[in-house]
Amino acid sequence: MGQSKKDKTEKDSLPEPKQKVDFPIVAIGASAGGLEAVSELLKYLAPDTGMAFIFVQHLSPDHKSMLTPLLAKITSMDVGEVENKVQIKPDTFYIIPPDKEISVENDQLILSPRPESPKFNFPIDILFTSLSKTHRENVIGIILSGSATDGTIGMRSIKQEGGLTFAQDSSAKFDSMPKSAITAGLVDFILSPKDIALELNRISQNPLIRIPGTKHREEDLIDDANPDLVAIIKSLLKFTGVDFSVYKMKTIKRRILRRMLLNKVKDLKAYVNLIGEKKEELDILYQDLLINVTSFFRDSDTYKYLKEVLLPKLLKSKKAEETFRIWVPACSSGEEALSIAMMILEIQENSGTHIPIQMFATDLSEKAIRKARAGVYTKDELESVSPKRLQRFFTKSGNNYRISKSIRDICVYAPHNVLKDPPFSRIDFISCRNLFIYLDSAAQKRVLSTFHYALNETGYLMLGKAETISSSANLFSEVNKKYRIYSRKSSVDGRLLSLPTSRMNKGETQHTKHAMDADTKISAAKTTALQNSKNLDQAIDAVIVSDFLPPCAVINPQMEILQFRGKTDLYLSHFSGKASLNILKLVRKEIAFHLRSLISKCIKTDQRVRKTGIEMNVDNTAFVISIEVSPLLVEFEEKLMLVVFSQHDQVTGSQQVKGKDEIQDSILSIKEQKIKQLEDELALSQKDAMELSQEQEGFIEELQSANEEVVSSNEELQTVNEELETSKEELESSNEELVTTNQELQTRNDLLNESYDYSNAIISTLHEPMIVLDKNLRIKTANKSFYRIFQLKEDQIDGKKLFDFEEKRWNIPSLRELLEHIIPKNSSFSNFKITHNFPRIGEKVFLLNASRLIQKSHGEQLILLSFNDITDAMLTQKNELEEYTKDIEKTKNYNIELEKAVLERTKQLDLSNKALSEKNNELGKMNKELEAFAYISSHDLQEPLRKIQTFADRILEKEMVNLSASGKVYFQHMQKSANRMQKLIEELLTFTSLNSAERKFEALPLADIIKDVQNEMKEAIEAKKAKITINKMCDVSVIPFQFRQLINNLISNSLKFSKPEIPVKISISAEIVKKDTIKTIEDLSQKLYCHIQFSDNGIGFNQEYSKRIFEVFEKLHSKDEYPGTGIGLAIVKKIVENHNGFISATSELNKGTTIDIYFPAKK
């Protein structure tokens, strides 16, 4: 991150990196209040998660950012500002530089200048969106404290690509940014910064996360033939009716793994159990699999081609009375359909044509369809809609925008499964973008056949930029390769539709197909000829069916159409309004009553029913038709019925009956009454049904009209609010930068305050008076000693000139002259002696020192003046001089003798000084000899001592029988003495080494030190059956090896001086305390101290020995009663002093001892 110019030049010239980033990348966005939040997150974030972190925050371009040094103190990860084209590395925390934007290309971070007036894209959204496109599900997005709605657009991209998303909870100081993402339904985890860090730590340990250098995780963890994967797809089919087995398995597995990660499930079997127990999880997985990726005018160049070339061509080919019909499958929440609708209206306005438009927009997701029908979108979702279109086609609705009625009237939305449900017909243009990328080749072929059936002879199809029609080139011709535009070919096969086939219903999986052995392949080859024959039969049947099959439809008991056959346009038609596949809503109104009755009878009787002689009028032409409804005897998940329409000869007014008028009249007279009766009943029934339908439609229209009036009445208020909102956003943006800058300034100010407090504490504790003067010699401030010595109060001197206050009794001309030259000449003076009669304190003699001070903040020049009171020293010197003079007067007659005495005394003093110097040199040598002795003790003295011990052990072991009783006793005494001598040498060596040892402090948990010592002394502790209780603990800054020695000595002391037959109990606690709570010592220099208390239930001692026990070789008991060297506690005291602390002991005979240790909390 931080590099020299040479490094930067080399990096910029490097070729594109070959290594592919395969570890998680965490993008963090924040604004106002973000520094505090990200600091807390870093505090709890492990430094070795294997993830890379990129932090984007609003920073003022006018100030140098302090984020890097501030955050680097919190974590051991590499922290630094992003440099252009830097390779993304794991366990690194990148920070955006001021006035820059970040994007990602080829696993490198690319910097670009931030535009002066960004529209809607903010640096946070740019980074989120860029990462989601390049690293897809391997991205984790986090939004922390901040105002406005930055990050919501980018968070939507991360969510759509399968990444994980986090947002800060109510702990955010400014909650607008996280709240915007949460409200949009884009957040997986809503947590505090601490909990976000802990969750990231957990995720980094999950086996579902990619580890650098491994294969893609879905390929590693789930095989296509995995029975648990099959079980999940079957559960989805049963729960939703959607067969995901025809979707690409890689996409399915990636989304399943995402849900497993969010549910903290580590294997597929456990996830199968989870969806079996929680149906809501199955629904969430279903919504995740639908992948509703959409936006207004996505791929602007494609829409430009549609508006300028294709749509005008299609509209021009339609007659004035013909309806231009569009179908947008997989429309998600409607943005693509609305984009096309807006362009069509613009084309018509420009050309002056007004062809009726009918737009059918369908999707699997009912949730997405509900949003599309509502037609309400946020400002972020309308990012790519131009201001002109926003004003023309949208109305303000609260904080959101609603599509206008002119668009809503032409758009019909409906849930629809393009692989299963019957298609729309007579379509002029189909836009199906980015659906095929999720389907396997068989499903793509099925969908293309459906589109071919739905399109008119001159219809067009548009696919996504990554999609083709290679599997069905016989159905479509390529018109424009760049924009994936295709025209419909005339084809018999395209008019044939069949029920979809599921992989789950087949006898073999994709895996078993690939595992087919050689014998099976031979068997399959033998059936090829038979299959070709069947294909020929099917082709012949297809022609016959296409030309001679009557119009019919297959329906279920809910009257929903599952399939069409023949040409049904005469009987069925799509009408304006909400789309539906219910046959009663598609059939012409004149025959709907008859059809309902026939279907009802067929359901009740399970028999074929038929009605003939039904009249209907289509385009002023009368038709007489018959309708037949038959149950279908096929194996299906529900009962099906076949509705068959047949047309009789047309009846015209020119037809006349010739001859046999009498017979005709006779026939009429017999049948006329019956026919009249049936016609009346039919007319009445139709009238009732029509009236009821009209009343309902009228009521709905009234409600819609009333609602539109309410919406219209709000438009003026909403328009007024727009300007206020725009101003508010500008203020919020400015405020964010101010808040961020203020946070950095506050941090700097805190450091300055600490420095000021430190300096002020030093000045306040000085015994010498000090004052600060301005250039006019006015007193600005003074320390406590000044007020105390001169017996003044603050209000007596504040703002007054030094030489004018107290009736000019401080006027000292010589001092004034010196002070007046300090600032102009940048001079100073020291040890300037004045004698002056001061108010209240009388005549005093001072040595004065003065120098110039410059305040960098505003350039003010000041003078620091200090007073050193030498009055008492001068008086003492004067008194001594007077006494000496008197002595001279008295002994004036003995001048010669006195001079001799003085000379003799001087000589003696010289000799004494020489002797003292020699003594000091001798002490220095002794100190060196003591150090040498310590060295000798550790090497030369211990070696013969070890030999004495060794020979004594051998004699007692091998010559024991040859020794007399007294000899054995002597050898045992010798052995004990040698052991004591060795212990004494070791402790003396320890004591002396404490003076010269290097004092390197480290911050450590005290509990860990105690546990280490316990483990080392385990045998001794168990021998005494001792119980050590560790109470409240804290971290300490200590010299590690010395502090272990301290704990060791204290525990050893408690074990040694314990009561016989009573288990030893030791209690240790530690806490940070303020100096005000420490009563045993006064004038403590530090604010905080670490207080360690060590207590036992041993024999104790008289309190009068509480200081003596810490002296070297001091023992309160005989060596026979309690063996020891008397150095252990002296070592403890020395270690405490090395830590700038102090120690005390409190005890009572037979009631145990408490040791209190205090030392500064920080070093």
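Along the chain as shown, the residues are counted starting at 1.
A Cβ is built for glycine as well, from the same backbone N, Cα and C atoms used for every other residue.
The structure displayed is predicted, hence computed values, not measured ones.
SER31 (active site) falls outside any helix or strand according to DSSP and counts as coil. Note on SER31 (active site): other Cβ atoms within 10 Å of its Cβ, all shown chains, come to 29. The active site annotation in TrEMBL covers SER31 (among others).
There are 27 other CB atoms within 10 A of the CB of HIS58 (active site), with all protein chains counted. Under the DSSP three-state reduction, HIS58 (active site) is assigned to coil, being neither helix nor strand. Residues or ranges marked as active site in TrEMBL: HIS58 (among others).
TrEMBL lists ASP150 (among others) with the feature active site. In the structure as shown, the Cβ atom of ASP150 (active site) sits within 10 Å of 30 other Cβ atoms.
The coiled coil annotation in TrEMBL covers 874-929.
The average pLDDT the prediction assigns to the domain 'CheB-type methylesterase' (15-200) is 85. The annotation domain 'CheB-type methylesterase' is assigned in TrEMBL to 15-200.
Taken from TrEMBL, the feature domain 'CheR-type methyltransferase' applies to 217-489.
Sequence annotations record features per position, and here TrEMBL assigns domain 'Histidine kinase' to 936-1163.
Per TrEMBL, the feature region 'Disordered' maps to 720-740.
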Residue pair SER31 (active site), HIS58 (active site) - Cα distance, angstrom, rounded: 5
Cα distance (Å, whole number) from HIS58 (active site) to ASP150 (active site): 10
